[in-house]
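Over in Swiss-Prot, the protein carries these features:
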TOPO_DOM  1-11  topological domain 'Cytoplasmic'
TOPO_DOM  35-48  topological domain 'Periplasmic'
TOPO_DOM  72-77  topological domain 'Cytoplasmic'
TOPO_DOM  127-138  topological domain 'Cytoplasmic'
TOPO_DOM  188-207  topological domain 'Cytoplasmic'
TOPO_DOM  231-252  topological domain 'Periplasmic'
TOPO_DOM  276-281  topological domain 'Cytoplasmic'
TOPO_DOM  328-339  topological domain 'Cytoplasmic'
TOPO_DOM  363-366  topological domain 'Periplasmic'
TOPO_DOM  390-402  topological domain 'Cytoplasmic'
TRANSMEM  12-34  transmembrane segment
TRANSMEM  49-71  transmembrane segment
TRANSMEM  78-100  transmembrane segment
TRANSMEM  104-126  transmembrane segment
TRANSMEM  139-161  transmembrane segment
TRANSMEM  165-187  transmembrane segment
TRANSMEM  208-230  transmembrane segment
TRANSMEM  253-275  transmembrane segment
TRANSMEM  282-301  transmembrane segment
TRANSMEM  305-327  transmembrane segment
TRANSMEM  340-362  transmembrane segment
TRANSMEM  367-389  transmembrane segment
Amino acid sequence: MTVNSSRNALKRRTWALFMFFFLPGLLMASWATRTPAIRDILSVSIAEMGGVLFGLSIGSMSGILCSAWLVKRFGTRNVILVTMSCALIGMMILSLALWLTSPLLFAVGLGVFGASFGSAEVAINVEGAAVEREMNKTVLPMMHGFYSLGTLAGAGVGMALTAFGVPATVHILLAALVGIAPIYIAIQAIPDGTGKNAADGTQHGEKGVPFYRDIQLLLIGVVVLAMAFAEGSANDWLPLLMVDGHGFSPTSGSLIYAGFTLGMTVGRFTGGWFIDRYSRVAVVRASALMGALGIGLIIFVDSAWVAGVSVVLWGLGASLGFPLTISAASDTGPDAPTRVSVVATTGYLAFLVGPPLLGYLGEHYGLRSAMLVVLALVILAAIVAKAVAKPDTKTQTAMENS
C-alpha cells in the first residue's frame with residue numbers, strides 16, 4: 001500500500017468514526033428531548049420515570065461489561081456493525097412501547113438500546129484510540145464532538161417536531177429508520193481486526209499490577225464517574241429539570257437542552273487544541289470547575305436567562321471528561337480494549353446509578369436540589385484531575401514495546 005493510499009484509507013476511517021459517533025448522539029437526543037411527552041404518554045411520576053430510565057442503565061452496563069471480550073473475540077468492525085444495528089432495533093421498540101403505552105416495554109427498549117450502545121461505544125473508542133495513535137495527534141475529543149453534534153442535531157429536530165405537534169412515537173421511529181443507511185455505508189471504511197486477540201489484561205495492569213491496585217487507573221475512574229454523571233444527568237433530566245424546576249414549556253425545555261449540547265459540541269471540537277497546548281490535567285480541571293459553575297447557577301439562581309447561559313457552561317464543563325479519560329486509560333498499558341472497558345464501565349456506573357437516584361431525590365426534594373449530587377461529584381473530579389496526566393516518554397515507550 002502506498003503512502004497516499006494509506007493516508008486516504010486513514011482519512012476515510014476517521015470520517016467513518018465521525019459518523020459512528022454522530023449517529024448515537026442523534027438517536028439518544030431523539031428520545032431524550034421527548035422525555036416530557038414520554039412521561040405523559042406513559043402516565044408515570046418522576047420517580048417512576050427514573051425506574052423506566054433504569055432500563056437504559058442496566059442495558060448499558062450489560063453491554064459494556066461484554067464489550068472487551070467482544071472486541072478481542074470479533075474485532076471492532078464486527079462489533080460496531082452488529083451493535084449499531086441492534087441500537088436501531090431498540091429505538092423501534094421504544095416507538096412501539098409508546099404506541100402501546102407500556103412503561104415496561106419502554107424500559108425493555110431502553111435496555112436493548114443501552115446494551116447495543118454500551119458495546120458499540122467501547123468498540124468505537126478502541127478504534128478511535130488506534131486512529132489517534134496512527135495520526136500521532138489528539139483526535140478523540142473531536143470524535144466525541146461528533147457525538148455532541150449528533151445530540152445537537154437531534155435536539156434541534158426534537159424541538160421542531162415538538163413545536164409542530166409531531167407525536168413522539170412517530171419521531172422516534174423515523175430516527176431509527178434514518179440511521180440504517182449511514183451504518184452500512186460507514187462500516188466499509190473500518191478495517192477488520194482492530195482490537196482482535198489483544199493481550200489478555202483483564203486481571204492485571206501495567207507491570208502486572210492488578211487493576212484494583214492501579215491507583216492511577218482508579219483515580220481516572222473517579223474522574224470519568226463524575227464527568228459521566230454530569231453528562232448523563234443532563235441527557236436524562238435536563239428537559240424535565242427546566243420544565244418542572246424553572247417553569248419552562250416543553251418546547252423551551254428542548255431548546256435549553258440544545259444549549260447544553262451546543263456547549264458539549266463546542267468543547268469537544270476545540271478541546272484537542274487546548275489539550276495539546278495546556279495538558280490533559282489543566283483541561284480536565286478547568287472543565288470540571290466550569291461545569292460546577294454552570295450546575296451551581298442552575299441550582300441556586302431562579303432566572304430563565306441565567307439558566308440558558310448556565311446549561312452552556314454545564315455542557316462545556318462535561319464535554320471533555322469521557323474522551324480524556326479514555327485517552328488516559330489507553331496510556332496505562334498495552335491492552336487497550338480491556339483498559340477502555342474498565343474506565344467506560346466505571347463511567348457507566350454513573351448512568352446506572354444516576355437516573356433512579358436523581359429521580360428518587362427529585363421526587364422528595366425537587367430536581368434542582370437533586371442536582372447537588374452532580375455538583376459535588378464534578379468538584380471531586382477537579383480535585384483528582386492529576387490522574388489523567390500523560391506518562392513520561394520512557395514509560396510510554398516501554399508500554400508501546402510491550
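Backbone N, Cα and C define each Cβ position, glycine as well.
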Counting only residues 6 or more past its boundaries, what in the same chain has a CB within less than 8 Å of a CB in the topological domain 'Periplasmic' (363-366)?
45-47, 50, 244-245
Is the transmembrane segment (104-126) in contact with the transmembrane segment (340-362), using at least 3 Cβ pairs under 8 Å (sequence separation of 6 or more) as the test?
yes
Hey, which bits of the same chain come close to the transmembrane segment (305-327), Cβ under 8 Å, at least six residues off its ends?
125, 128-129, 132, 138, 140-141, 143-145, 148, 220-221, 223-224, 226-228, 230-231, 234, 238, 242, 246, 256-257, 259-268, 271, 275, 280, 283-284, 287-295, 297-298, 340, 343-344, 347, 378, 381, 388
Spatial neighbours of the transmembrane segment (139-161) far in sequence, C-beta under 8 Å, 6+ residues away:
14, 17-19, 21-30, 32-34, 124-125, 128-129, 131-132, 171, 175, 235, 251, 254-255, 257-258, 261-262, 264-265, 267-269, 271-272, 275, 315, 319-320, 322-324, 326-327
Pop the mean pLDDT for the topological domain 'Cytoplasmic' (127-138) in here, whole number is fine.
83
Let's see if you can do this one: DSSP helix, strand and coil counts over the topological domain 'Periplasmic' (231-252), in that order.
19 helix, 0 strand, 3 coil
Can you tell me which parts of the same chain pack against the transmembrane segment (12-34), counting only residues 6+ beyond its ends and a CB-CB cutoff under 8 A?
80, 84, 87-88, 91, 94, 113, 117, 120-121, 124, 127-128, 131, 135, 139, 142-155, 157-159, 162, 168, 171-172, 175-176, 178-179, 182-183, 185-191, 235-236, 239, 254, 257, 261
Mind checking which residues of the chain, 6+ beyond the ends of the topological domain 'Cytoplasmic' (72-77), have their Cβ under 8 Å from one of its Cβ atoms?
123-124, 126-127, 130, 187, 190-198, 200, 337-338
Determine which residues of the chain contact the transmembrane segment (367-389) at the Cβ level, with the cut-off under 8 Å and only residues 6 or more beyond its ends counted.
46, 216, 219-220, 222-223, 225-227, 229-230, 233, 237, 240-241, 244-246, 279-281, 284-285, 288-289, 291-292, 295-296, 298-299, 317-318, 321, 324-325, 327-328, 357-358, 361
Quick test of the contact rule: Cβ under 8 Å, at least six residues beyond the ends. What residues does that give for the topological domain 'Cytoplasmic' (276-281)?
137-138, 324, 327-328, 385-386, 388-390
Helix, strand and coil residues within the topological domain 'Periplasmic' (35-48) as assigned by DSSP:
11 helix, 0 strand, 3 coil
Residues from the same chain, set at least six apart from the ends of the topological domain 'Periplasmic' (231-252), whose C-beta lies under 8 A from its own:
28, 32-33, 35-37, 39, 46, 49, 53, 56, 151, 159, 162-163, 260, 264, 298, 302, 304, 307, 311, 314-315, 318, 321-322, 350-351, 354-355, 358, 362, 366-368, 371, 374
